[in-house]
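The structure appears below as structure tokens.
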Amino acid sequence: MNIILLGPPGAGKGTQAQRLVERHGMKQLSTGDMLRAAVKAETPVGLKAKAVMEAGQLVSDEIVSALIGDELDAMPAGQGAIFDGYPRTAPQAESLDAILESRGRKLDHVIELDVNEDALVERITGRYTCATCGKGYHDKFEKPAVEGTCDKCGGHEFKRRPDDNEETVRTRMAEYRAKTAPILPIYESRGIVSRVDGMADMDDVTAAIEAILAAR
């Protein structure tokens with residue numbers, strides 16, 4: 001089974017992808033992670049990508065496609081893949097079809113985590129973590145039992161990510177919509193797109209995704 005998982009930053013894609021990995025033994029293919037790993041390992045594709053990046057240029061679709069092909073070739077035949085961050089354009093969608101078909105695979109599901117922009121802004125801008133142990137909290141939804149003290153380690157210092165601000169979140173939402181708009185109709189025409197309420201409880205989101213996978 002091969003899945004594309006869509007959703008803006010903060011929608012919970014990472015959590016749901018990890019649960020799919022744990023439950024179904026699938027492999028998460030994140031283009032960013034694959035690129036960094038290939039460059040570090042100095043594979044032929046990695047060296048090509050490194051040269052492009054050092055020249056200050058964007059990594060081409062051809063290089064990304066080669067990375068994905070290499071990853072799929074290294075996977076057992078029966079292992080499913082979760083595509084994260086790819087495809088983002090119509091040409092990339094066509095390329096992915098060709099990559100999968102040449103390896104006897106096909107795309108089974110495109111699952112989009114649907115979110116309310118205002119609610120997502122509230123979710124992201126309110127989150128913070130303990131500077132000592134990393135336990136997560138939220139201004140509204142998950143406060144420490146004792147204000148100013150971490151429930152887990154008793155620490156008193158907390159931190160927020162610098163990009164967890166409203167302007168950045170809304171910019172990322174706009175970028176996400178612009179990037180996914182061209183590819184969704186391609187997959188909708190095949191009847192493989194499903195939408196899940198990404199604002200629901202994480203366990204409910206997982207249950208909804210599992211129901212989609214079980215239905216086909």
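Cβ coordinates are placed from backbone N, Cα and C, and glycine is handled just like the others.
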Notebook entry, point to check: Besides G10, A11, G12, K13, G14, T15, R127, which of A74, A181, A200, A207 does Swiss-Prot list for that ATP site?
Noted result: A200
Item checked: Local backbone state of R127 (ATP binding site), from DSSP in three classes -> strand
Next item on the list: Work out the three-state DSSP category of C133 (Zn(2+) binding site).
Entry: coil
Next item on the list: Could you check the binding-site residues K13, R88, R127, R161 and say which one's CB has the most other CB atoms within 10 Å?
Entry: K13
Item checked: Integer Å distance between the CA atoms belonging to T15 (ATP binding site) and V59 (AMP binding site) -> 27
Next item on the list: Can you figure out which of R88, C150, R161 (the binding-site residues) comes closest in space to G10 (ATP binding site), comparing Cα atoms?
Entry: R161
